[in-house]
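Encoded as structure tokens, the structure appears first; notes follow it.
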Amino acid sequence: MATGRLTPLLNRFRARGPFIKQTSFILFNFMTWIPAVIWFNSNVGDIVWIQGGSMYPYLNTDINRTTKKDACWNSKWEPLEGLRRGMIVSFWSPPHPEVEAVKRVIGLEGDIVFTRKPFPNPRATVPAGHIWVEGDGGHNGKETLDSNTYGPIPMNLVTGRVTYSLWPWRTFGPINWWEWKPKTRVIKAKRRIR
């Protein structure tokens, strides 16, 4: 009696067999790529979107004319290797750990940085294992949330280096961080702290 009820169900399943086979094959192939994509985004690089006035005028140059964001390549392969003043880095924001922020490296460990408001002291020494980061724009302290707000950041928060501008097309190409002229005064350390 039960087999009489199952026969039409099995016949319907057999009729849809090619569809189910094809769908499961596609899903299996798609699922096998998910770990590779996650590994790539975590270790090689990803696209980071620059918004707001923090990095203006070097990045997000159209902030006054449009609400569009700049797209940049964020290289995550050994982000601390050869780190220098002026490089643009991405890092986990100290006040908002779920947010990845983008700022410029101003000071390395051992450097003395002449700070801006709202930092409580007129100057700060960057401790070992830390860097000082600032946004390019907003020197009144209102447009950028950077080391002048939360102090030097641990180097292990750095997730990548912003190396290429991808959008808008007129800015497409490598980011020439070495052409940047600092506005914050820094006394460079004579030797690295270790």
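Keep in mind that glycine also has a Cβ here, set from the backbone N, Cα and C atoms.
Remember, TrEMBL labels are computer predictions, not curated facts.
Since we're looking at a predicted model, the values are computed, not measured.
Listed in TrEMBL:
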ACT_SITE  Ser54  active site
ACT_SITE  Lys103  active site
DOMAIN    36-113  domain 'Peptidase S26'
Alpha-carbon spacing, Lys103 (active site) to Ser54 (active site), which is rounded to whole Å: 8
Structural state of Ser54 (active site), classified by DSSP into three states: coil
